[in-house]
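Enquirer: Handing you a structure now.
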Amino acid sequence: ATVRAPAQGIQERTIRWGHLNNPGHPTSLGVRKVAEVLLAKSGGKLRIREFPASQLGNEMQQQSALRGGTQEMFSASTTSLATVVKDFGLLDFPFIVGSSAQAEALITGPFGKAMLETLPEKDLIGLGYWGLGFRNVTNSRTAITKLEEFAGLKLRVIPNPVYLDTFRALGANPVPMNFGEVYTALETKTIDGQENPYSVILSNKFFEVQKFLSATNHTYTQNIITIGKKFWDQLSADERKLIQDSVNESRDYQREVTLKADTESLGELKAKGMQFNEIAPAEMARIRTATRPVAAKFSADLDQAKVRLFNAELERVQKL
Amino acid sequence: MGRIIDLYCEGLKALIALFLVVMVVLVFGNVVLRYGFNSGITISEELSRWLFVWMIFLGAVVALRQHAHLGVDTLVRALPAWGKRACFVTSYGLMLYADSLLFLGSWKQMLITAGDRAPATNLSVGLFYLAGVVFGLSAGVVLLYDLWRVITGRASEDEMVAVAESEELLGDVTSVRK
Amino acid sequence: MTIAVFTFSLIGAMAIGMPVAFALIICGVALMHQMGISDSQIIAQNILNGADSFPLMAVPFFILAGEVMNTGGLSRRIVNVALVFIGHVRGGLGYVAILAACILSALSGSAVADAAALSALLIPMMTKAGHDKARSGGLIAAAGVIGPVIPPSIGFVIFGVVGGVSITKLFLAGIVPGLMIGMALAIAWWWVARGEDIVPPPKQSWAAAWRAVVDGAWALVLPLIIIFGLKFGVFTPTEAAVVAAVYSLFVATCIYRELKLSELYGVLVSAALTTSVVMFLVAAALVSSWLITVSEIANQVVDFLQPFMGNKILLMAAIMVLVVIVGTALDMTPTILILTPILMPIVKAAGIDPVYFGVLFIINNSIGLITPPVGVVLNVVAGVARIPMGALIRASWPFMVAELIVLALMVLFPALVMVPARWFGV
Ligand code: NA
Ligand code: NA
């Protein structure tokens, strides 16, 4: 490969931005917003072309495409980055934040920033995070109101050890499965349920095949916006600034649509006939206690400096 | 050289048969565990997928050696010997080019992902792309050897038609028990 | 321009005898050059990740099940069951072939395996009874077409994965159309064989019939396991496939004891190799499919077909004609792989139900297996039964026409497919 000198000024470029969500999902709305802002800022020169719904491949493929320089941008949950930088797994620990404000404070604070700094050595640049919302459990068997009701539920989880252990600790049977197969598996009752943010449950029509929706709020999922370092290195300082600014400026809009989608999605899921329930605080406390060993077990394997920073930050944000 | 390649392919056959058996055990085992014992093998899905990928690429080398990859041979068969040879050389030249790209791309991806850990098995993701590297190298040898035989006039006219018209003709489909 | 590069590089590479899988990679390379994004990693990423799919693991398992059924004596017993019930009626062996093809279809994923088994078992019997040999072969080749339509079906699996359509729904929606093709074949057979002078085999005693059913029961249970398993959600298609493989292995080795352990290695190697050929092709197709996504070929084709967009029936008819033409020269798997990424955006844009489209697309591809010049099922039947190719092609055309009529009716009346599909909850 030829090493190109950094470009001057702003050139005409098309940036392919892939993600896994369907059109209409807050992620997609966010991408379109960034595209709109960037197009205006660059005088029509920097165009973002959105490829939603895994059109460019699964998470692993798009991530390695960014690192290899064959795709420019990608956004997906930080969970998928844990295969690249293990410490991202900290964000998947169960019940670490109690509100989206706390989640926001954690990810925009020193810990979130420190995690972005781990990416360049993996050929990625992190431009920021978008909150995706709390994950909640749906299933076809029972309304989950207490710890014991997790027992024996076959729940699809992200193929990730933290999620597997969390639900094992709750007494459920976690089934790792690729997202693309979940609808059919739910429909055919191969599995009893799954866990995702409300907006994902709605846009993938899981309400058609699931009866119960319980506000477990077990994890807050953050999407991370990444751009390939190989591509980034070809950009001029001006171009980089325009892209970073567009992402930053779209943040408030994206947060708004996420919150709105979260509330509206829940309302619509209820309207579509899902039986929704919250879990009493005392029961939530029992559930939280049951999953406590998970964090301890996985922390041991991670970078201890990151773990300390993470714990200090948790103490700070949990007071919010 | 042909003998060595054939021996290598026999080894590959044993491996892909083994991989298929392990895939059956893992996936079937998961069904049994889920229904019979309300549990499952966590690594089953990921491990069986990776074995599947390795099986495909190792098997594809054997198929290349046996000229069993699917293709349309109607036109080529109608050509005289020199025409067959010209088509073969062109087509194998292009295939070598495609193969070298696949090798190079897999090599780059393997280096990029070598440090990543697969979520369930904790294996290096580089192992996944290694399948492409191994295929690229092995297929390169098979292609070069065939090409050399055709260019030096050692190959029969029949060998210059390098495709089959159906994937299933390579299995012994006529061995139906009567 | 992009469309021209795609078409000519692909056809050119295939014409000089390059395997379709490599032709697809070369086509991808040409597209990359044309789009100015040449990078070897695009090829590697798409090929490797294209093979990495749990749903596609149904392919090796169904192939393995098919091999085991033929080698392990399951296929023969199914033919026997059909034989004892309708073998003795006038022209009955033809109906036996059709009925057995329907049952075999419900066990195996492929037309070739079904046609091979039926020709080996039935053609000698049919010629002995006085049927014309080529005509019998033509019927059996055409009956093989049912194989990929009634589930399980490798065609549906590959289409479902590439086109993003529920494989379970496709499977359930394929059942009744497969039986309709069987009916059409029965009518065509009655018509062409009505003048033949035949001595059908004698009617079997009830005791003999009972024995055949008991003996065949182990084999006959499998379709029920698969269809009910899918319908009531006991397993996903991949799991249904592995259950079919394990079950047929169990019956062949422990119940019928016709598959010796010494033969097992050969069966495994053969299934693994067949899978490699199919799947390497699937993986290679994803290179050009990715590039088609990134370029705007699909949009160009949609624009081109704009005049048809308003009329679903006309659009479907146009697509079906295209698939028939492609199918004359190309085998099922490559046709699905090459056309799906181009056709699916059109189908979605026109508001056609993807499951309905999938069923018709697979039926059409399956008919392609018996259309000359390249008809793989014809080759198999001609080879197994030793019938000259020309005679077989002439003898098979009435059956092929019957199947095309069924297809045309389904284009004109989508309810023929969708109403029964709803019975199965699609
Ligand atoms: Na079938
Ligand atoms: Na054909």
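For all residues, glycine too, the Cβ spot is worked out from N, Cα and C.
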Enquirer: TrEMBL lists transmembrane segment for one of the ranges C:57-83, C:138-164; which is that range?
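Expert: Within the set C:57-83, C:138-164, TrEMBL attaches transmembrane segment to C:138-164.
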Enquirer: Near the transmembrane segment (C:138-164), which same-chain residues lie under 8 Å Cβ to Cβ, leaving out any that are not at least 6 residues past its ends?
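Expert: Distant Cβ neighbours of the transmembrane segment (C:138-164) are 53, 55-56, 58-59, 62-63, 94, 97-98, 101-102, 104-115, 118-119, 122-123, 170-172, 174-175, 177-179, 181-182, 185, 188-189, 226-227, 230, 237, 240-241, 244, 278, 282, 285-286, 289, 332-333, 336-337, 340-341, 344, 354, 358-359, 361-363, 365-367, 369-370, 375, 377-378, 380-381, 385, 392, 394-400, 402-403.
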Enquirer: Would you mind listing the long-range same-chain contacts of the transmembrane segment (C:6-32), meaning Cβ under 8 Å and 6+ residues beyond its ends?
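Expert: For the transmembrane segment (C:6-32), the nonlocal Cβ contacts are 38-39, 42-43, 46-47, 280-281, 283-285, 287-288, 290-292, 295, 297, 330-331, 334, 337-338.
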Enquirer: Tally Cβ pairs under 8 Å between the transmembrane segment (C:170-192) and each listed stretch (C:93-126, C:212-234, C:240-257, C:399-421), then give the stretch with the top tally.
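Expert: Looking at each of C:93-126, C:212-234, C:240-257, C:399-421 in turn, the most contacts to the transmembrane segment (C:170-192) are made by C:399-421.
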Enquirer: Mean pLDDT for the domain 'TRAP C4-dicarboxylate transport system permease DctM subunit' (C:9-416), rounded to an integer?
Expert: 89
Enquirer: For the transmembrane segment (C:212-234), find every same-chain residue at least 6 residues outside the stretch whose CB is under 8 Å from a CB in it, and list them.
Expert: 69, 74-75, 77-78, 80-81, 83-84, 103, 106-107, 151-152, 168, 171-172, 175, 204, 240, 243-244, 247-248, 251, 255-256, 424-425
